[in-house]
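Down below is the structure, laid out as structure tokens.
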Amino acid sequence: MADKCSEGLLNGTVPGERGKQDKSVKRGNWGNQIEFVLTSVGYAVGLGNVWRFPYLCYRNGGGAFMFPYFIMLVFCGIPLFFMELSFGQFASQGCLGVWRVSPMFKGVGYGMMVVSTYIGIYYNVVICIAFYYFFVSMTRVLPWTYCSNAWNTPDCVGVLDGNLSSRAALNLALNATQKRTSPSEEYWRRYVLDLSDDIGNLGEVRLPLLGCLGVSWVVVFLCLIKGVKSSGKVVYFTATFPYVVLTILFVRGITLEGALTGIMYYLTPQWDKILDAKVWGDAASQIFYSLGCAWGGLITMASYNKFHNNCYRDSIIISITNCATSVYAGFVIFSILGFMANHLGVDVSKVADHGPGLAFVAYPEALTLLPISPLWSILFFFMLILLGLGTQFCLLETLVTAIVDEVGNEWIIRRKTFVTLGVAVAGFLLGVPLTTQAGIYWLLLMDNYAASFSLVIISCIMCVAIMYIYGHRNYFKDIEMMLGFPPPLFFQICWRFISPAIIFFILVFTVIQYRPISYNDYVYPPWAISIGFLMALSSVICIPIYAIYKVCCSEGDTLLERLKNATKASKDWGPVLAEHRSGRYAPAFSPSTESHLEVQPLQPEKSRSEVEAASPVQGSNGSAHSQDSRL
């Protein structure tokens with residue numbers, strides 16, 4: 001009996017009331033809360049934590065960059081993260097279904113789907129390249145160690161080549177010519193990519209990369225074959241093992257000669273840059289993009305939580321873990337780069353890089369200097385694969401959940417595996433052009449434009465729609481009903497004023513700091529940049545197009561009446577389970593609402609009168625549940 005009472009209290013009931021299940025039989029839920037936290041950590045912690053944050057840190061004043069970075073985390077990152085988690089959890093819907101809160105803004109959900117599609121296509125290509133490096137590292141000598149290969153040019157100068165008698169000769173070669181290329185760079189450009197001379201010259205498909213791309217998509221599909229039930233089990237490994245590898249590399253890195261020089265270069269504050277607007281802009285952008293806000297993934301992952309889960313606690317844990325991982329990865333990267341700089345006799349800035357250049361050129365070259373270099377190479381690229389897969393799982397699940405929730409009938413729910421397979425096959429086919437000789441040009445074009453300022457616009461409109469169209473008081477009451485306590489005053493202020501202001505600042509900063517994209521010495525032609533802008537606009541344009549459509553379809557004799565009806569919350573907005581619809585969501589059933597609500601089959605004998613009689617008791621359960629929520 002005591003166990004039953006405890007179970008009831010945990011599910012939001014009071015003693016004497018029939019136990020609530022607090023789970024969706026129809027959609028499914030996470031097996032436990034650890035699975036959700038690990039999946040969200042895997043989603044937020046990605047490749048950018050390894051190759052973008054360390055670069056931004058040393059470019060923007062080293063340790064001084066940490067100050068604006070953590071300021072932006074507190075005032076923008078965590079509040080937005082909490083907003084998206086609570087939004088998805090309250091409605092138990094994906095990035096489309098949640099917009100029953102204000103149907104005119106459903107275009108925001110479609111915009112999130114478009115962004116996730118773009119990112120999912122090129123992100124898996126990066127994972128496939130990591131797979132390729134992982135496989136070729138299984139050899140006695142790494143293939144990018146020396147300049148004696150068929151793909152090398154006379155300009156290649158390797159740090160371990162036998163024709164160099166001393167470090168002085170190497171320094172002379174480094175400083176005397178601008179043409180010096182490393183064997184890792186030539187391996188990357190001339191062998192792995194077989195890079196063409198122009199983005200329009202696709203050339204042939206690189207079959208090794210195409211095979212690895214197939215492997216990547218097969219792995220992603222198999223891990224998501226049963227939705228969150230299967231991916232929730234996989235993340236126990238994919239979300240935790242990268243930290244094991246990072247720690248191994250960190251211990252190895254700090255024991256190398258020159259590692260301290262690299263770490264000091266990474267951390268030494270340049271306080272004169274703290275007043276530079278660019279530093280603050282970079283900090284805000286990194287927080288925003290790193291946490292995955294406005295991709296739709298956070299809403300989707302939270303939609304599989306139980307209704308009374310404490311997503312407030314989760315948002316703080318996941319956000320801080322993500323940022324701490326970025327800082328930790330910086331120590332790992334710069335300890336190795338410091339060792340490399342010491343070995344070459346040059347400044348750390350000469351060997352540091354960002355983006356694909358750090359992951360597939362600078363760091364692999366540094367690995368050749370380590371004893372048993374293939375082992376460290378295997379560990380490093382295995383870590384990149386796991387970091388990438390954690391994000392890719394959520395990107396694919398976002399698209400699948402949005403499709404299944406939108407159709408919403410039993411037929412497609414039972415065949416969700418086939419929807420997942422269809423999305424995976426489409427993603428593979430759309431990624432094939434990125435495995436051609438011009439593929440890296442298209443990958444960087446998508447990375448720079450498809451998910452840049454469009455994300456900022458989507459996030460800003462989402463804040464405005466929830467706080468000012470649906471109403472901040474309504475949303476705060478919803479959270480109190482779900483968690484048992486309202487959002488803290490700090491978050492209320494951030495959601496209404498501070499976070500939208502910071503998002504607008506990021507947008508202005510992005511526009512002011514815009515520079516046409518280039519890759520090394522290659523400058524993109526105007527037609528390619530135009531395609532980039534079209535990709536960026538393709539997600540944003542969904543918002544006004546759907547808003548116009550919704551206003552035209554809404555009831556009303558005047559434009560104002562149509563606008564008011566289009567922005568008013570749908571009758572079926574609210575908790576998806578009937579047992580949670582208390583207070584102002586108390587069931588007043590109509591055919592339209594019954595089609596969207598899931599009534600638990602575990603209590604078929606409960607009549608409508610019993611539900612209505614129980615609703616006042618349910619409405620008072622916020623306080624009963626609040627003690628559990630705060631644990």
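Cβ coordinates come from backbone N, Cα and C, glycine included.
Automatic, uncurated: that is what TrEMBL annotation is.
Here is what TrEMBL says about this protein:
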- 617-631: compositional bias 'Polar residues' (COMPBIAS)
- C147-C156: disulfide bond (DISULFID)
- 1-25: region 'Disordered' (REGION)
- 587-631: region 'Disordered' (REGION)
- 36-54: transmembrane segment (TRANSMEM)
- 66-87: transmembrane segment (TRANSMEM)
- 108-135: transmembrane segment (TRANSMEM)
- 240-267: transmembrane segment (TRANSMEM)
- 287-304: transmembrane segment (TRANSMEM)
- 316-341: transmembrane segment (TRANSMEM)
- 375-396: transmembrane segment (TRANSMEM)
- 417-443: transmembrane segment (TRANSMEM)
- 449-469: transmembrane segment (TRANSMEM)
- 489-512: transmembrane segment (TRANSMEM)
- 524-549: transmembrane segment (TRANSMEM)
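Listed as Cβ neighbours of the transmembrane segment (417-443) (distance under 8 Å, sequence separation of 6 or more from its ends, same chain) are residues 120-122, 124-126, 128, 193-196, 198-206, 209-210, 213-214, 217, 220-221, 224-227, 356, 396, 399-400, 403-404, 519, 522, 524, 528. The largest share of C-beta pairs under 8 angstroms with the transmembrane segment (66-87) comes from 287-304, of the ranges 36-54, 287-304, 316-341.
Of all Cβ atoms in the shown protein chains, 21 besides its own fall within 10 Å of the Cβ of C147 (disulfide bond). By number of Cβ pairs under 8 Å, the transmembrane segment (489-512) is matched best by 449-469 from the list 108-135, 287-304, 316-341, 375-396, 449-469. Using a Cβ-Cβ cut-off under 8 Å and counting only residues 6 or more beyond its ends in the same chain, the transmembrane segment (108-135) has close neighbours at 47, 94-99, 192, 208-209, 212-213, 215-217, 220, 294-297, 299, 356, 359-360, 364, 377-378, 381-382, 384-385, 388-389, 391-392, 395-396, 398-399, 402, 427, 430-431, 434-435, 439, 442-443, 446-447, 450-451, 454-455, 458, 461-462, 465, 535, 538-540, 542-543, 546. Sequence-distant neighbours of C156 (disulfide bond) (same chain, 6+ residues apart, CB-CB distance under 8 A): C147, T181, S182, P183, E186. Contact count against the transmembrane segment (524-549) (Cβ pairs under 8 Å) is highest for 449-469, out of 36-54, 240-267, 316-341, 375-396, 449-469. With pairs at least 6 apart in sequence, the transmembrane segment (36-54) and the transmembrane segment (316-341) have 3 or more Cβ pairs within the 8 Å limit; the two touch. At the 8 Å Cβ cutoff, the transmembrane segment (240-267) and the transmembrane segment (449-469) share fewer than 3 close pairs (sequence separation 6 or more) and do not count as touching.
Long-range contacts of the transmembrane segment (375-396) within its own chain (CB-CB distance under 8 A, at least 6 residues past either end) are made by residues 39-43, 45-47, 49-50, 116, 119-120, 123-124, 126-127, 130-131, 133-134, 137-138, 142, 216, 219-220, 223-224, 231, 234-235, 237-239, 241-242, 245-246, 248-249, 252, 292, 295, 297, 300-301, 359, 363-364, 367, 420, 423-424, 427.
For the transmembrane segment (287-304), the residues of the chain that approach it from at least six positions outside its boundaries are 27-30, 36, 39-40, 43-44, 46, 48-49, 52-53, 69, 72-73, 76-77, 80-81, 84-89, 91-95, 97-98, 109, 112-113, 115-116, 119, 228, 311, 319, 322-323, 326, 391, 394-395, 397-398, 401-402, 451, 455-456, 458-459, 462, 503, 506, judged by C-beta separation under 8 angstroms.
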